[in-house]
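Novice: Dropping a structure here in structure tokens format, bear with me for questions.
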């Protein structure tokens with residue numbers, strides 16, 4: 001049975017839990033999606049989602065709750081991890097605009113700009129092209145970070161807004177600028193969870 005954990009310290013956790021449950025159903029896979037708060041919940045975990053929210057807060061709480069090092073280790077060992085918005089920042093190797101005390105998992109060879117799109121008023125929705133699906137995907141961007149550079153050959157673009165890369169994959173790791181959990185479309189979650197089944 002698949003066990004998916006959504007890091008539930010801050011951010012849009014419930015939306016990811018619902019999206020992951022629907023995605024597993026659509027894939028015909030039996031599994032459980034849990035609200036991940038403590039390191040002991042990582043036992044037998046199949047995949048992890050790091051939601052949007054505020055990256056400084058998520059970073060601090062992951063360290064405080066003892067999740068930071070075990071999640072980093074699992075990612076390095078090949079466990080599928082997907083980060084959206086602030087989750088992408090948490091996964092990135094280099095972050096422009098980070099605060100000095102912020103720690104990052106550094107599992108994804110990308111450079112991101114932390115608040116590239118500005119304040120809440122600059123949030124928008126636009127169709128995204130996906131590498132793994134012919135139909136456009138409804139991309140919801142909320143004070144999104146921006147992927148400014150791919151730092152290694154291992155990073156593959158999987159989502160585009162026009163000609164700009166807004167989603168990437170590196171082996172077991174997926175990082176997205178946008179919020180797939182805020183739509184009724186589960187294609188991105190299904191693509192990610194196929195790595196775990």
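Keep in mind that glycine also has a Cβ here, set from the backbone N, Cα and C atoms.
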Novice: Among 114, 154, 164, find me the residue Swiss-Prot lists at the same L-glutamine site as 53, 54, 55, 142, 143.
Specialist: 114
Novice: I want the residues beyond 53, 54, 55, 114, 142, 143 whose C-beta is within 8 angstroms of the mean position of the L-glutamine site's C-beta atoms, in chain order.
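Specialist: Output for this site, in sequence order: 52, 85, 86, 89, 115, 144, 145.
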Novice: Cα within 10 Å of residue 179 (active site, charge relay system): which of the recorded positions 55, 85, 142 qualify?
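Specialist: Matched recorded positions: 85, 142, sequence order.
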Novice: Using all protein chains shown, find which of the recorded positions 54, 181 scores highest when you count other CB atoms within 10 A of its CB.
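Specialist: That would be 181, with the highest Cβ count within 10 Å.
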Novice: Provide, as an integer number of angstrom, the distance between the C-alpha atoms of residue 85 (active site, nucleophile) and residue 53 (L-glutamine binding site).
Specialist: 7
Novice: Using the alpha carbons only, what distance in Å do you get between residue 55 (L-glutamine binding site) and residue 181 (active site, charge relay system) once rounded?
Specialist: 17
Novice: What count of other C-beta atoms do you get within 10 angstroms of the C-beta of residue 55 (L-glutamine binding site), across all chains shown?
Specialist: 29
